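Comments concern the structure below.
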Amino acid sequence: MWRLPGARVALRGVRAAVERHSRTEAAIETAAVSMERAVVRCVPSEPKLSLSFALADGSHKNMQRDQSEPLGRALSRIATNALKGHAKAAAAKKSRKNRPNASGGGACAGPGPEPTAACEPVVKLYYREEAVAEDVLNVDAWQDGAVLQIGDVKYKVERNPPAFTELQLPRYIMAGFPVCPKLSLEFGDPAGSLFRWYREAKPGSAEPEGGGPSSLSPSSPYPSWTETGVDERVYTPSNADIGLRLKLRCTPGNGQRFGPSRELESVCPVEAGPGTCTFDHRHLYTKKVTDDTFIRTVSYNILADTYAQTEFSRTVLYPYCAPYALELDYRQNLIQKELTGYNADLICLQEVDRSVFTDSLEPALEAFGLEGVFRIKQQEGLATFYRKSKFSLLSQHDISFHEALESDPLHKELLDKLVLNPSAQERVFQRSSVLQVSVLQSTKDSSKKICVANTHLYWHPKVY
């Protein structure tokens with residue numbers, strides 16, 4: 001056998017180089033994970049980009065810069081902000097140092113040298129380990145994965161990460177009724193996001209999950225929280241949650257990466273629910289979504305809040321209802337639970353307030369796989385929801401009855417009959433009644449379509 005004395009040395013060199021490369025890559029990955037985050041939002045339709053990051057002194061900076069501005073100007077502004085932050089931190093530290101002690105004596109520290117004035121930190125932007133030239137425009141300079149260095153601190157640049165543009169919990173929460181946050185995302189979707197629910201630790205309870213002081217600990221003025229074990233968008237409080245507030249931690253995502261997390265705390269504690277409702281018995285027959293050969297439809301006049309909060313409603317129409325039962329926040333909980341419990345494929349709603357659609361029904365039903373369209377009349381309107389796994393919306397048409405009667409020759413025969421009853425004709429033309437038409441297509445078979453018509457017709461016993 002031939003022996004090559006240099007081969008073993010060469011192999012050892014290669015092995016050492018590979019190990020060094022592996023250690024370098026691991027170090028880079030560790031550094032990236034431990035880096036601070038600098039979030040850049042840059043969309044072509046807007047003239048400015050936003051840059052958000054936290055300085056070493058703890059202050060958070062949100063900057064708006066022109067996309068067409070040279071990078072050097074943005075870096076100079078960042079350096080100025082960092083210098084101001086350092087000066088404020090130094091002044092606060094000096095103030096604490098010179099503060100009299102608790103016994104009323106003089107300053108705790110003796111005389112010493114004054115701190116030297118801070119210099120403006122070096123601010124650089126790197127991409128693929130190379131400094132980005134200062135004449136490069138902001139729109140091209142701030143790339144995803146770049147590294148912003150401010151003094152000794154490095155930030156990993158995240159361009160257009162998933163982010164919440166709106167995040168809100170309902171004001172009124174009841175035990176036994178699903179809680180669904182209203183949310184809107186940019187560069188992400190709810191299905192790719194993470195949710196985690198917490199409840200306020202009970203007064204006098206043991207240490208919360210994860211350690212820390214209890215909610216009555218004199219050492220902390222803030223409440224502590226325990227995990228509920230629910231990691232889904234919708235949380236249904238139990239009787240054990242009554243009297244406690246809820247907290248939701250949300251991390252926006254898009255299936256590939258995640259954006260900055262946000263936390264929400266409920267304004268009010270969970271209240272007791274009304275007990276068994278009439279719809280609970282109906283839900284026994286609608287526990288599951290129907291298969292693709294069936295369509296389950298629900299139609300419901302949910303009573304617009306503008307009509308519920310009148311003296312006529314309270315004393316004549318609904319005198320049997322306690323005042324709290326007509327309050328919108330209370331009714332919304334019942335409406336959401338009833339509608340979601342039917343597992344319907346199509347839902348047609350009448351007397352829907354615009355705010356109820358956008359703030360309550362749309363986010364709640366969207367969390368259960370339904371998408372909705374809305375048509376306002378005057379003070380309230382119509383809403384149609386369809387199951388996204390079964391249907392896609394091809395087109396939507398809103399038809400005003402009195403306009404169609406007057407302008408469309410197809411309705412001439414009906415108009416001629418209506419003219420014979422002037423009182424009825426006057427009332428019809430005064431009404432804002434509309435027909436909301438949604439044309440849907442099957443997601444399983446594109447040749448199958450369905451036309452859904454939703455309306456709220458006017459009726460008066462003295463006329464008809």
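Cβ coordinates are placed from backbone N, Cα and C, and glycine is handled just like the others.
Note that TrEMBL annotation is computational and uncurated.
Among the ranges 57-85, 86-114, 231-259, 260-288, the stretch that TrEMBL annotates as region 'Disordered' is 86-114. Residue counts for the domain 'Endonuclease/exonuclease/phosphatase' (299-401) by DSSP state, with H, G and I taken as helix and E and B as strand, are 43 helix, 34 strand, 26 coil.
Helix, strand and coil counts from DSSP across the domain '2',5'-phosphodiesterase 12-like N-terminal' (161-271) read 6 helix, 39 strand, 66 coil.
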